[in-house]
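Engineer: For reference, TrEMBL lists these features for the protein:
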- 34-56: transmembrane segment (TRANSMEM)
- 89-103: compositional bias 'Basic and acidic residues' (COMPBIAS)
- 89-117: region 'Disordered' (REGION)
- 130-296: domain 'CAAX prenyl protease 1 N-terminal' (DOMAIN)
- 152-171: transmembrane segment (TRANSMEM)
- 191-218: transmembrane segment (TRANSMEM)
- 239-261: transmembrane segment (TRANSMEM)
- 267-289: transmembrane segment (TRANSMEM)
- 300-506: domain 'Peptidase M48' (DOMAIN)
- H369, H373, E452: Zn(2+) binding site (BINDING)
- E370: active site (ACT_SITE)
- 380-398: transmembrane segment (TRANSMEM)
- 418-436: transmembrane segment (TRANSMEM)
- D456: active site, proton donor (ACT_SITE)
Amino acid sequence: MDLSLPLTPRYTQLTAKGLPAGGGGTGATGDDLFTTYAVAATILFTLVVYLFETYLSLRQRSTYRKTQFPRELETTVGCIDAERAKELNGDDGKTATKSDDKPTNTTSGEDGADQKAKVDRNAPLLPQLQSKFQAAQAYGLDKVNFSLFSSAYGTTEGIAFLLLGFMPYFWDASCKFGSTYFGYTETENEIKISLIFMAYTTLIGTITSLPFELYSTFQIERKHGFNKQTIGLFISDKLKGLVLSAIIGGPFMALMLKIIKLGGEKFYLYVWAFIFVFSLFMMTIYPVVIMPLFNKYEPLPEGTLKDQIYALAGQLKFPLTKLFVMDGSKRSSHSNAFMFGFFKNKRIVLFDTLMEQVHDDEILAILGHELGHWKMGHTVTNFVISQLYMGAALYVFSLCYNSNELYRAFGFDDDSRPVPTIIALILFFSTVWEPIDKTLSFVMTVHSRKCEFEADEFSFNLGMSQKLQSGLCKIHLENLGAMCPDPWYSAYHYSHPPLVERLSAMMRLDTKKQSAQKKSK
């Protein structure tokens, strides 16, 4: 392996035959120049991204080492507590009791290391946030330290695989395996060999990522009281995921490669249409067929909350057909709520952990936010954007599809053998398209944050601002969310704005509304 420029993978299809690698040499010009420096450019870009993201993580780590509760959050949540006190206190000064109050456990988890005090849903929020500040800081610090280590490993592994010639080696190994056991040839059975190659790479990826997943789940998450999984459940989930990847991913990949092979110069249009239809198919079957393999979904019990949710859906003309409660506590004490379904068949799922953490009217406000995404077309917009993104990527790929210079640089340098389509796809998206993907990913993060503010405002317009604010605080408490995130880190990574920004934005709306009401009197 030559570590001087130009960089050449240690294993190439020609070196496997005992011949000099055909990745280019000094003095190359034109297309050969791309071949010569493609590996070096890819490594350079990978390192630049890694260093930038590491810098952001170090900035975030410094915020997790702060010991003073953030003043802006203190002021903001103090105002929420004041408003809640006005609502809950009667004329006699006694605190009113919520009709949906339920007794809550003081701890959770399987052992002492897992125990975590639960949020008191009726007590003022600010003292609880202050009491959990150090726990949230410790949780965040553990996560960011882990991410620094895992990203360093991931970058090192990626560069090592590139320099060692991982892809050409395992492609040749796949060809040998297919030929030995099934009689496959590279020219006549490329798609079948591609599936063997994907099985190899998936297995290796699963093995190399497994220690990190185990540490994250059974060390960090358990240490801070979130993990509820057993080793048996973890292994079961992993095996189910691999089986589903084979059952669904295998045929999908085979069909896509076949379309590329038969589609001619306009193959990108046919592949784009195929991916669009497949996306709709997966959006249909995923919540109905796949998700129940991992979690139990039960109808929301009859009661006030169910009636209120259906009333809200009716008010907004949201075609709600079913309401479910999911046993999220089976794996984690983190909480969530989401919607799915097409056209006149919409469904809402509430995590059981969410129902334990907040009041019914706060759940209603959170759903008002989620329904705001639907009402304002955010869901459809994001789907359209993702499809346009895929169409653009496939079009650019079609321009590079026959660029043998790219494939030659990464070890597929035997001109007597056809370049596999699966390899062409992987190399395109990991090299040529990667800078574009990083840029568009950041743009989509900015867009997502904008949508979150708009959905918050939608909930405010429904008269649910106070309940949404308190509900968000409680969820933040339960999840030990970052209370003073670094602005650069959050802008780059967070698809949702930090808590204090969302609360401040809603409070400005409250103040503006109150001022308008005073002027109208």
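Using N, Cα and C of the backbone, Cβ positions are placed for all residues, glycine too.
Remember, TrEMBL labels are computer predictions, not curated facts.
I would like each feature placed in context: is it buried or exposed, what are its neighbours, and how far apart are things?
Structural biologist: Applying an 8 A CB threshold to same-chain residues 6+ apart, the list for H373 (Zn(2+) binding site) reads T379, C451, A455.
Within 10 Å of the Cβ of E370 (active site) there are 19 other Cβ atoms, across all protein chains.
Sequence-distant contacts of the transmembrane segment (380-398), counting only residues of its own chain at least 6 positions beyond either end whose CB sits under 8 Å from a CB of the stretch, comprise 265, 267-268, 271-272, 275-276, 279, 424-425, 428-429, 432-433, 436-437, 440, 444, 447, 451.
Residues within less than 8 Å, Cβ to Cβ, of D456 (active site, proton donor) and separated from it by at least 6 positions along the same chain comprise H369, G372, L468, R502, A505, M506.
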Engineer: In angstrom units, rounded to an integer, how far apart are the Cα atoms of E452 (Zn(2+) binding site) and E370 (active site)?
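Structural biologist: With the alpha carbons as reference points, the distance is 9 Å.
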Engineer: Over the domain 'CAAX prenyl protease 1 N-terminal' (130-296), what is the model's average pLDDT?
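Structural biologist: That stretch averages a pLDDT of 92.
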Engineer: Residues near the Zn(2+) site, H369, H373, E452 excluded, by Cβ within 8 Å of the Cβ center?
Structural biologist: E370, G372, H378, C451, E454, A455, D456, F458, S459
Engineer: Give residue numbers and ranges for long-range contacts of the transmembrane segment (267-289): same chain, 6 or more residues beyond its ends, CB-CB under 8 A.
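Structural biologist: 248, 252, 255-256, 259-261, 340-342, 347, 349, 383, 386-387, 390-391, 394-395, 397-398.
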Engineer: Other than its close neighbours in sequence, what residues sit by the transmembrane segment (152-171), given a CB gap under 8 Å and a spacing of at least six beyond its ends?
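Structural biologist: Same-chain contacts beyond the ends: 1, 3, 7, 9-13, 15-16, 39, 42-43, 46-47, 50, 54, 193, 197, 200-201, 204, 208, 212, 410-412, 420, 423, 426-427.
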